[in-house]
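Everything below concerns the one structure shown next.
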Amino acid sequence: MISRASTIGLILAGGRGTRMGGRDKGLQLLHGRPLIEHVAQRLRPQVSRLLISANRHVDQYARFADQVLTDATSDFPGPLAGILEGLYALDSQALMHGALLVAPCDSPFVPLNLAQRLAQALEVTHAPIAYACTASPDATAPGAPATPLSSSADTPAAGRAHFVFALLRTGLAGDLATQLAQGERRVRTWYARHMAVQVPFADKRAFYNVNSLQELYKLERPDIGQ
């Protein structure tokens, strides 16, 4: 059974920050603290060890995690490259029922029960990957089932997918490395190959991600950002 002791956390902070003028998003301040600190504070109680995937300002990120991982290539290849390094780190621990909990650095309201909900879905479905989605209230009622990812676009029934809020079992690194070597960098494509299951959450705010300085300034308003 997947537990906190067998789960390693990974915060993805290795992007270019293009929509933020090239700024390193995880280090931008919200209420006086870097976004990465907000995410780490919510993720750490859910995992036994916390990693950060970053390709810049590694020394600054090291303050908020047990280890900082960098991508194998320097061309900012996307979130799957960071996830691959996290999976390598997970496999190196040889944890029984090991799992990697992933979240992005720009979402300061990460659910405090993210690991629990996703782990439950993996246990029930025996899938190798579970990820979050936001859906209708009916879909998020207690006992609502996780559903497999299809190749079609998101539908109201399936909900809006949040692919980088995910829990992945150990043993997936080799397959992911092969996909990246073939030039396929889309998260959805790789998840679909493994029949990843999506898990509905009711709180859309929990998955809010900051894409611009304007959005960050908006969150500074006390009626929104607290």
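A Cβ is built for glycine as well, from the same backbone N, Cα and C atoms used for every other residue.
Note: TrEMBL annotation is automatic and uncurated.
According to TrEMBL, the GTP binding site annotation covers Leu12, Ala13, Gly14, Lys25, Asp71, Asp106.
Residue environment of Asp106 (GTP binding site) contains 27 other Cβ atoms, counted within 10 Å of its Cβ in all protein chains. Taken from TrEMBL, the feature Mg(2+) binding site covers Asp106.
The domain 'MobA-like NTP transferase' annotation in TrEMBL covers 9-194.
The Cβ of Asp71 has fewer other Cβ atoms within 10 Å than any other of the binding-site residues Gly14, Lys25, Asp71. Of all Cβ atoms in the shown protein chains, 29 besides its own fall within 10 Å of the Cβ of Ala13 (GTP binding site). If you take the C-beta of Leu12 (GTP binding site) and look for same-chain residues 6 or more apart in sequence within under 8 angstroms, you find Ser53, Pro79, Gly82, Ile83, Val102, Ala103, Pro104, Cys105, Val164. Confidence over the domain 'MobA-like NTP transferase' (9-194), given as mean pLDDT on the 0 to 100 scale, stands at 88.
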